[in-house]
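Participant: Take a look at the following structure, please.
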Amino acid sequence: MTKTRSLRWSLPALLLAATANATDMPLNMTKGVTEISQQVYDLHMTIFWICCAIGAVVFGAMFWSILRHRKARGVQPAQFHESTKVEILWTAIPVVILILMAIPATKTLIAMEDTTEADVTVLVTGSQWKWHYKYLNTDVEFYSLLATPKEQINNRFAKGENYLLEVDRPLVIPTGKKVRFLMTSDDVIHSWWVPAFAVKKDANPGFINEAWTRVEEPGIYRGQCAELCGKDHAFMPVVVIAKTPADYEQWLNGEAERIAKAKAEEQELLAMNMSMDELMSVGERTYIAYCAACHQPNGEGLAGIFPALKGSSMALNDMAGHIDIVLNGKAGTSMQAYAKQLSLKEIAAVITYERNAWGNNTGELVQAADVHAVLQGKGE
Amino acid sequence: MSAVVTDHEHDHEHHDHKPSGIKRWLYTTNHKDIGTMYLVFALIMFFIGGAMAMVIRAELFQPGMQFVEPNFFNQMTTVHGLIMVFGAVMPAFTGLANWMIPMMIGAPDMALPRMNNWSFWILPFAFLILLMSLFMPGGGPSFGWTFYAPLSTTYSSDSTALFVFSVHIMGISSIMGAINVIVTIFNLRAPGMTWMKMPLFVWTWLITAFLLIMVMPVLAGVVTMVLTDKYFGTSFFDAAGGGDPVLFQHIFWFFGHPEVYIMILPAFGIVSAIVPTFARKPLFGYASMVYATSSIALLSFLVWAHHMFTTGMPVAGALFFMYCTMLIAVPTGVKVFNWVATMWRGAMTFEVPMMFALAFIVLFTIGGFSGLMLAITPADFQYHDTYFVVAHFHYVLVTGAVFSIIAAAYYWLPKWTGHMYDEKLGQWHFWCSLISVNLLFFPMHFVGLAGMPRRIPDYALQFADFNAFISIGGFLFGASQLIFVWVLVKCARGGEKATAQVWEGAEGLEWQVPSPAPYHTFDTPPVIK
């Protein structure tokens, strides 16, 4: 990676390198891949050039004055200090320019807000710090998490090409179809943003927002959460893959199958007991992916915000409470409900892990069936 | 406007009694002492808030996490914003108001001197509480200076209560300061100082004071709602209890947008004082300046939701707020045109105050342009919550408000200290600041347009080169301000003796009293012809 390496160079070399790389560096808003994003780009450039033109006139007059009307040239100051004619003129001209600008902006805005007659609807739910996608009228739903390894973030591994802009399961949408997004949140306010679609909409807890897009070209489009949503706001990217309708259908069926299969496996698992080693290894993996952001990899949490699991009385003594809090979360805190986010096996493993890692040596195993029992008990 | 002081020889030293040492500053009711304290306090806060910006820029110098944890990074962005807005810019303007308004209108002091003392002395405690909260378990406020619910309620750390109380105290201080300004201007103008003869700095501060009185209670209300939502089980901003998180944003920005003008209107007044002085030509369009300031203030109550276009509002609402926001460009434009017309065919010289004022006009206008771009709702969907916005508001607040405060300091320093500042050092300060501030904030437009969100401690690789530039600009700008401290200290200690008028083209009552201004001025009101 020339970019990361260049950062170790000294300042002048850095400046040179950056200038040389200027062509790779994006300088302007993307034109995007939709009709709307193209319109937005055009509006952006129109208002930009209007500003440049006004700037040229105003700053031009100012610098002319600075050069010519300086005392050092021996000029005598004039004493005029008002002119109704000029003042009316420079009030009226901007008004006309603004009205001309408002017309296309209004048209585009009205088009952007028209979410009717959608072909596909996806419910997008933000939570700290991941996105959940549910395809309405199908069984397909899944979480989408940052896929960049911690080691890259902590500078122990070289950073990959799509550093911080890659996820484990991207959202897939069909090309040429109007896709409607319904946005909401499980906790704080997030904002779902894909620059290439010119879609940025807040996901508000308890409310549903709408947005839409129609992508013509198949491709991978990347974005990020745009609204500060807590500690790991920088680490919840959006990745959208646009596929042709045929490929999309195939993918959707494959996903439905995968999800059905996972559910069936889950049932089989209830009858089986996993070994400590297996639980601990699955548990550690799950813990790092879902729990470590708050409770920290060493289980010590962050004093005052995220409680420690290491040595906590719940992790040492209260197994029923432990299973309950992982399944259902804790209202009024950042602790989320994982019942629908993780499989029974993963929940069993992660609880086992938390009860046996970092010196919490309870020796207790939690099996999928135990978790299932608590879940059923809740349902009755 | 012409004004003559008939008998300032009445300013005898005999009633100049004041306690010495710390007591002088603790007990003082003198507008000049209180003004000095506000200004020094603002400068200290400027460096504390600046140090936090340095932490932010160090972390963002390279992609990856290097120096701080994300949670601490969020505390830095939050407290940096709070300190710069409430601790640096606002107290600096209040300090200037305290020093200059009585002298400009021929008043002996502020109308409510004891309240003046109190409104200053509660401020250090407000910021002590805020800064100490950083050391609590879980850290200080980390939800951004805009403290959107529910991030600041259900999901915030325990320091939130301290944050709320410190904002309450800051609000009380601002409201008292504003009342004092209004009462002083209404009641203590010298005979003949009619409304349309008042210097523009007085006018802009009068309008600012009204804005403060109208919106600071709204801020107090919204922080109180955050407090009760978090600790007392109310649900103003919690949908589960029938509330609405977006309601928070409506209330916050109903305060927040006028707040933006609170931080820029006095700057307009300063620039309107400096440009005519160094152009040796009367201000062009005085009356239209007054009307433009008033219309900006009125419009500021009708545009708050332009900060919220992505929250999902009805099309009609978005259009209303877009049109009103675009309209603000008109009176703001009038001001810039007036300043340029003031320079036109003047006889300009370029001392440090003029340099900062000229930089203000150009760079604030650039911030105005990006503001106009942000008003275009469809484009705002792309700009919103990116570094483009960060670039925009730093152009209006740093090269706008802060540059105007620095310009004012250079302009009035000889009047305050009786000494000329070191012109050469001042020019160094100006050029270092000008170059570094643009290296710092201009590339933010590019990274923002290219898609970098704000308030993130780590970013994708395509933003790396620009962020390195920006950080270097930031460090240089921070270092440049040390020159300012040097100039201030040097000027306070001594230097070439300043005349009463100080600047060849200066007009107004403050230039008719000796330099340094005596402890008490205008015990007997001057007569203004």
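Glycine is no exception: its Cβ is also placed from the backbone N, Cα and C atoms.
Caution: TrEMBL annotation is automatic and unverified by curators.
Found this in TrEMBL, in case it helps:
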- B:25-529: domain 'Cytochrome oxidase subunit I profile' (DOMAIN)
- B:38-58: transmembrane segment (TRANSMEM)
- B:78-99: transmembrane segment (TRANSMEM)
- B:120-140: transmembrane segment (TRANSMEM)
- B:160-188: transmembrane segment (TRANSMEM)
- B:200-227: transmembrane segment (TRANSMEM)
- B:260-279: transmembrane segment (TRANSMEM)
- B:286-306: transmembrane segment (TRANSMEM)
- B:318-340: transmembrane segment (TRANSMEM)
- B:352-376: transmembrane segment (TRANSMEM)
- B:388-413: transmembrane segment (TRANSMEM)
- B:425-446: transmembrane segment (TRANSMEM)
- B:466-489: transmembrane segment (TRANSMEM)
Participant: Would the transmembrane segment (B:388-413) count as touching the transmembrane segment (B:160-188), if touching means at least three Cβ pairs under 8 Å and pairs must be 6 or more apart in sequence?
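Facilitator: Output no: the transmembrane segment (B:388-413) is apart from the transmembrane segment (B:160-188).
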Participant: Can we call the transmembrane segment (B:200-227) and the transmembrane segment (B:466-489) in contact, meaning three or more C-beta pairs below 8 angstroms at a sequence separation of 6+?
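Facilitator: These two segments do not touch.
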Participant: Could you pull the average pLDDT for the domain 'Cytochrome oxidase subunit I profile' (B:25-529)?
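Facilitator: It averages 96.
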Participant: Going along the chain, which residues at least six beyond the ends of the transmembrane segment (B:318-340) come within the CB cut-off of under 8 Å?
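Facilitator: Cβ under 8 Å, 6 or more out: 268, 271-272, 275, 283-285, 288-289, 291-293, 295-296, 299-300, 302-306, 309, 361, 364-365, 368, 371-372, 374-377.
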